[in-house]
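Feature list (source: TrEMBL):
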- G11, S12, G13, K14, S15, A16, R116, R151: ATP binding site (BINDING)
- S15: Mg(2+) binding site (BINDING)
- D33, R57, G78, R134: substrate binding site (BINDING)
Amino acid sequence: MKKVYLIGYMGSGKSAIGKRLSFSTRLPFYDMDTEIEKRLGMTIPEIFEKHGEAYFREKETEFLRTFRNENCIIATGGGVAMRRENRELMRSSGLVFYLNAPFRDIWRRISTDRNRPIVQRSTRIELEQLYNERLPHYLKAAHFKVETENRTLRQVTEYLAFQIGRLKGDI
Ligand SMILES: Nc1ncnc2c1ncn2[C@@H]1O[C@H](COP(=O)(O)OP(=O)(O)OP(=O)(O)O)[C@@H](O)[C@H]1O
Ligand SMILES: O=C(O)C1=C[C@@H](O)[C@@H](O)[C@H](O)C1
Ligand SMILES: [Mg+2]
């Protein structure tokens, strides 16, 4: 069996849903952002501030290359699908689910959060542009697109658990 990756824009629910999905599937859960923070002993804003975004992107790829071979659920960072190497690493080691949410929902969730350096340095218009730029990359990376609009965390989690159960033999 392989890994289950959750991908999508900031605030699409990867971390929140990954955690819940771990309970219903009984698979261990890892949040890439948290794992990188642990490896470096710094928060994401500190990593961006001290080493820059390019360094953080290297650490993301390093994580995907080296993370233990275990059946598990991984909530990725919002920018992970932008690199071709990352997309290939994910697709070849598991099932990739893209959590799609409309930008207005995303904005409501992330606009006041201080833990996302990209939100801190960008305007609403810039974040919407980035959302549109990233969309085709998420679609390329994903095996499945999951619509989250008007669905509770619980509903999205149940849907994913159902799909994972159905596809278990393949992963
Ligand atoms: N479908 C949903 N219904 C209600 N709240 C949601 C839904 N999806 C996400 N949220 C809420 O939005 C907030 C942001 O979600 P979360 O932190 O899981 O995003 P993320 O995709 O992990 O973002 P990042 O890429 O920045 O790590 C959380 O408070 C979460 O509970
Ligand atoms: O969308 C992004 O580029 C990011 C999302 C977060 O998960 C973190 O990985 C970081 O804040 C960058
Ligand atoms: Mg997250």
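For all residues, glycine too, the Cβ spot is worked out from N, Cα and C.
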Provide the number of Cβ atoms within 10 Å of the Cβ of R151 (ATP binding site), excluding the reference atom itself.
-> 15
Looking at the binding-site residues D33, R57, G78, R116, R134, which have a C-beta within less than 6 Å of some atom in ligand 2?
-> D33, G78, R116
Which of the three DSSP states, helix, strand or coil, fits D33 (substrate binding site)?
-> helix
Within 10 Å of D33 (substrate binding site) by C-alpha distance: pick out those among the binding-site residues S12, G13, K14, S15, and say none if nothing qualifies.
-> S15
Near ligand 1, which of the binding-site residues S12, G13, K14, A16, R57 have CB less than 6 Å from any of its atoms?
-> S12, G13, K14, A16
For ligand 3, the binding-site residues of S12, G13, K14, S15, R116, R151 whose CB is under 6 Å from one of its atoms are K14, S15
Within 10 Å of the Cβ of K14 (ATP binding site), how many other Cβ atoms can you find? Include all protein chains, please.
-> 27
If you count the other CB atoms within 10 A of the CB of R134 (substrate binding site), including all protein chains displayed, you should get 18
G11 (ATP binding site) to R57 (substrate binding site): how many Å between their Cα atoms?
-> 19
Spatial neighbours, same chain, of R57 (substrate binding site) - Cβ under 8 Å, 6+ residues apart = G79, R83
If you count the C-beta atoms lying within 10 Å of each candidate's C-beta, which of the binding-site residues S12, S15 ends up with the smallest number?
-> S15
